[in-house]
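Heads up, the thing below is written out as structure tokens.
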Amino acid sequence: MPPRPATRPRRTEPDPTPPAGCETLGGMSDPVQQVEELAAAATEVDGVAPFSEQPLLDLRSHAGSSEVPASLRPVVVEGRLVAAALHPDDDPDSVEVVVHPDHRRRGLGGELVRAVLADRPAARFWAHGNLPAARAAARATGLELVRELLRMERELGPTSVGGVLPEGFSARAFEPGRDEEAWLAVNAAAFAHHPEQGRMTRTDLDRRTAEPWFDPAGLILVHDDTTGALAGSHWTKVPTDQAEGEPRRGEVYVVAVAPAYQGRGLARPVTELGLAHLASVGIDVVELYVEGDNTPALRTYERQGFTRAATDAMYARAVHGAVPK
């Protein structure tokens with residue numbers, strides 16, 4: 001974190017109905033833009049983005065409005081957003097908190113966490129990168145680690161991957177306007193017990209396919225040649241905001257195999273098809289995310305050359321125990 005500023009900015013008068021334990025101060029203009037700027041400032045200093053994809057996509061649906069979305073709990077100083085708690089529209093107990101680098105070491109993060117807990121005692125807090133400040137805030141507010149999400153990565157050479165499907169299956173690219181419902185059905189079935197991925201709706205999918213990074217060729221569908229059923233898919237992601245001169249990075253975004261086809265040798269070749277696509281578009285390093293307690297998946301990815309690079313942690317009050325998978 002940067003050194004503590006010598007002087008503390010003058011605060012405006014508090015909102016008439018501030019959340020318990022924390023003052024939400026002053027007014028806000030263009031809340032969505034201010035959240036984007038706050039996240040960018042934190043990312044530049046921390047090396048990791050403070051917010052995950054779903055709450056940001058939900059927030060961006062309010063772009064252009066001056067009203068503060070219900071998913072956002074802001075702390076504003078002299079008209080500028082200096083800290084925020086954000087959650088997805090469909091899961092208000094899954095919360096992410098960030099404090100602007102210039103306003104840290106003043107207890108704002110802890111105050112914001114306590115304010116959220118006062119309203120939602122079962123709240124769970126993501127700490128992306130599980131940075132020292134996040135761990136300290138968790139200790140100070142009585143939270144315990146309940147879940148870990150590992151980021152794994154590997155270098156990707158042009159001839160380092162293949163991908164041969166078992167006999168009776170074929171692959172093609174996703175076709176917008178044709179494949180959405182089939183993909184959603186397989187995704188929901190494959191991730192029925194996953195706390196986030198299995199809840200994806202058509203609106204969620206449409207928001208993602210409208211993002212600048214989306215490429216239909218990077219969403220590979222595998223069908224059963226006999227029945228025509230969608231058996232699995234590998235959705236890859238290549239971020240568009242990559243710095244020149246740095247290794248190009250891509251992501252194993254979602255790999256899904258329909259339950260009826262699990263155990264038939266599809267998972268590995270479906271994964272390799274996506275890696276081959278990423279290699280074909282010039283990706284140097286590929287990353288993926290996997291639950292920290294998913295030992296079989298960890299072993300599979302390690303055999304494919306992936307190593308652990310970072311950890312996202314979830315904290316909650318101990319009374320609520322581990323988050324169900």
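Placement of Cβ uses the backbone N, Cα and C atoms for every residue, glycine included.
Per TrEMBL, the feature region 'Disordered' maps to 1-29.
TrEMBL lists Val97, Val98, Val99 with the feature acetyl-CoA 1 binding site. All protein chains shown were included, and the count of other CB atoms within 10 Å of the CB of Val98 (acetyl-CoA 1 binding site) stands at 27.
Among the features that TrEMBL reports, domain 'N-acetyltransferase' is placed at 169-325. The average per-residue pLDDT of the prediction over the domain 'N-acetyltransferase' (169-325) is 91, rounded to a whole number.
Annotated acetyl-CoA 2 binding site per TrEMBL: 255-257, 262-268, 294-299, in sequence order. In the three-state DSSP scheme, Pro296 (acetyl-CoA 2 binding site) falls into the helix class. Under 8 Å, Cβ to Cβ, and six or more positions away along its own chain, Pro296 (acetyl-CoA 2 binding site) finds no residue.
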Those binding-site residues listed as Val255, Leu298, and which of them has the most Cβ atoms within 10 Å of its own Cβ: Val255
Assigned element (helix, strand, coil) containing Val255 (acetyl-CoA 2 binding site), judged by DSSP: strand
Val99 (acetyl-CoA 1 binding site) and Val255 (acetyl-CoA 2 binding site), distance between Cα atoms, whole Å: 33
Alpha-carbon distance [Gly263 (acetyl-CoA 2 binding site); Val98 (acetyl-CoA 1 binding site)] in Å: 42
